[in-house]
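Read the structure below first, then the notes.
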Amino acid sequence: MKKLFLIIGAPGSGKTTDAEIIAKKHSDLIAHYSTGDLLREEVKKGTPLGATIASFIDNGQLVPLEIVMDTIKNAILNSDKEVIIIDGFPRSVEQMEALDKMLQENPSIKLEAVIEVVVSEETARERVLGRARGADDNVEVFNNRMKLYLEPLNQIEEFYEKKGLLKKIDGERTIEEIVADMESFILQKIDENA
């Protein structure tokens, strides 16, 4: 049985860094992916699926949802780790629904929790615009990314809240505090459901 944790949060919430630190520390047990990594990995493998993904990316198009879902499913099922953390997913109501369907069709994957790293828009803006992460980190791009994140957020929160899967973590603290909080939650969940 694969145990899946999803981490969502605004741009600049630190969700990727948090997940990376936890997965490194427990590398015998936990694998961490971001959706972008998974797609790039598939392209690198040179599989037919990878070739399809590359054709969309090369043309600057969004990779269709069913292809993203196939990629995620393959990564989870083929991972040699029991626990999988995926950050930055789901980003939309469509992705959330597609994931739910995929989980129903694959009883060997169990969604343990959706962890939301909560930060204010001010904090997120400060972190993103204050860090040199590449050309797209300017104000307009940040505002667009923030808007894309916030638009479906209530529906996503509600959906997982109803299932008793949503865990909010305060992202305004130091990285050490956030990681400690997230790590103990994940390990406790794994133990509970061992």
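Here the Cβ of each residue, glycine as well, is placed from N, Cα and C on the backbone.
The shown structure was predicted, so the numbers you read here are calculated from the model rather than taken from an experiment.
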Exercise. Could you tell me which of the ranges 88-94, 102-108, 130-136 is annotated in Swiss-Prot as region 'LID'?
Key: 130-136
Quiz item: According to Swiss-Prot, which stretch among 4-33, 34-63 corresponds to the feature region 'NMP'?
Solution: 34-63
Self-check item: Candidates Ser13, Thr16, Thr17, Thr35, Gln61: member of the binding-site residues with the richest Cβ shell (10 Å)
Solution: Ser13
Exercise. Take the region 'LID' (130-136) and average the pLDDT across it for me.
Key: 60
Self-check item: Inter-residue C-alpha distance, Val63 (AMP binding site) and Thr16 (ATP binding site) (nearest angstrom)
Solution: 21
